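Structure record follows, encoded as structure tokens.
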Amino acid sequence: MVKLVCAIVGVAGSAFPVDTDASQLVGDLKKAIKAENAMTFTGDAKDLQLFLAKQPVDDESGKEVVPVYRPSAEEMKEESFKWLPDEHRAALKLVEGESDDYIHALTAGEPILGSKTLTTWFYTKNNMELPSSEQIHVLVVVPDGAGGSASDTSRMDRLFDKVDKVYEHTVLSKRTRYVHSEMNSAKGNILLNDLKIRISPVDTVKFAGGVPTPAKEFKWKSDRTEEQQKEPYREYVVANIGDVLTNNKLCVVGVEKGVNILTVEVPGRDIVLAGRTDMIVLSDIAQKFPHYLPHLPGVRMLIEVKKVVTTASEFQALSELIALDIIATESVMALLTNLTNHWQFFWVSRKSDDRVIIETTTLIAPGEAFAVIRTLLDQSPSAGAEVSLPCFEKPVKRQKLSQLLPSISEASGSSGIRESIERYYDIASMLGPDLEMARAVASQVARSIPTLSYFS
């Protein structure tokens, strides 16, 4: 028995699990999908089109493309293709019912034939890995005219759909979305350039005052993934700073997948940062009452853990720091570490000319790194306060991005339209769809388009 997560393309909140047997025909899977969604469509199950939700790969230009398996290429048999992670940008937009270029690319490919078994289609023809949790496996495309109820094709719903599309093109399309876990050098440099941020490495000095409290490196287990070792490495961190946590009423919380607590819009910019980090150091009230975690009470720092640290890892940590700084009231710090010989700290430092400076420094000894963390957590998080940290060349003065980022005004001819559409969505989210208001917004949009204003 295998559990597949399926998602209906174009329908918000339509991701659902289906239990099936890999030896069954794809046609049987279609019947199971229809049974799970009897109210969504009424057509024959055989008319559904199914597509594999493959994780994209980057081509030579860095663009995400759909991987294609060629059985004749021996090198392609060495590693299976991966399923689409549920935190990938395309997956997040998919479950929200939004369009995405990569989803379009997947559904433009070859649909799964109903006469084949899942085993044949998944593994023989496409060399996919075994399905697991936190993935999307099958994309479902419902044929036109197969909607469930008469209201699906009513004039009101068509009007709402048009407003949705205008909202997408006039508001959402102007926003650039960066997912922390998908950051790389190209995306990272674009983000830093857009925000006028420059990275400035600073040197370290010999540990003053004797020898730091010894700390062993974390022992990674080769037969387990990073995610499977999340709790052991959280306990490792707590064991090395537990006294300071207790004294300052703090805790270290491991952030679960899907809990995107570092999702935020950059003020004054059409930029959205999305996702999470691995661990957060914050007030211990978040441990007593886990439902407070999204509010990040008393947050002091984030810790991004990578078994192997790469350049992309650095840009991920920077993206997370920017998001946390925007969300948090006080100044914060980020740590990127493999928990062995790479302990890299990042903080918002100052402004130089028209650029915000984020400084970074790296330690290689766990004992020295934990001495820095203990000292940091013992100090006031107030922005602008200088903190002398072990092994740091000079006192650290952390600032807030909100005080340093240049303000950008959204002077645009479409701002009135955008405000009207956003206001419509705010009201609709509380009171439900309003036909008359939708008509008024649509009329305003039409009047703003020269070609259509003649008819309005």
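Glycine is treated like the rest: Cβ placed from N, Cα and C.
The N-linked glycosylation site feature in Swiss-Prot is assigned to ASN338; the stated evidence is sequence analysis. The Cβ of ASN338 (N-linked glycosylation site) lies under 8 Å from the Cβ of VAL305, LYS306, LYS307, VAL308, VAL309, each of these being in the same chain and 6 or more residues away along the sequence.
Below 8 angstroms of C-beta separation, residues 1-8, 11, 66-67, 81-84, 91, 106-107, 109-119, 121-122, 126, 128, 135-143, 145-149 of the same chain, each at least six residues beyond the ends of the region 'LQLFLAK domain' (18-54), sit close to that stretch. Residues or ranges marked as region 'LQLFLAK domain' by Swiss-Prot on the basis of a curator's inference: 18-54.
For the region 'DWL domain' (55-136), the model's average pLDDT works out to 85. Per Swiss-Prot, region 'DWL domain' is recorded for 55-136.
Residues annotated as motif 'HVLVXXP motif' in Swiss-Prot: 137-143. Using DSSP to sort the residues of the motif 'HVLVXXP motif' (137-143) gives these counts of helix, strand and coil: 0 helix, 4 strand, 3 coil.
Listed as Cβ neighbours of the signal peptide (1-17) (distance under 8 Å, sequence separation of 6 or more from its ends, same chain) are residues 29, 33, 36-37, 40, 53, 86, 91, 94-99, 103, 107, 118, 130-131, 135-142. Residues or ranges marked as signal peptide by Swiss-Prot on the basis of sequence analysis: 1-17.
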* Per-state residue totals over the region 'DWL domain' (55-136) - DSSP helix, strand, coil -> 25 helix, 12 strand, 45 coil
* Look up ASN338 (N-linked glycosylation site) in the DSSP assignment and reduce it to helix, strand or coil. => coil
* To do: With DSSP as the reference, give the number of residues of the region 'LQLFLAK domain' (18-54) in helix, strand and coil.
  => 14 helix, 10 strand, 13 coil
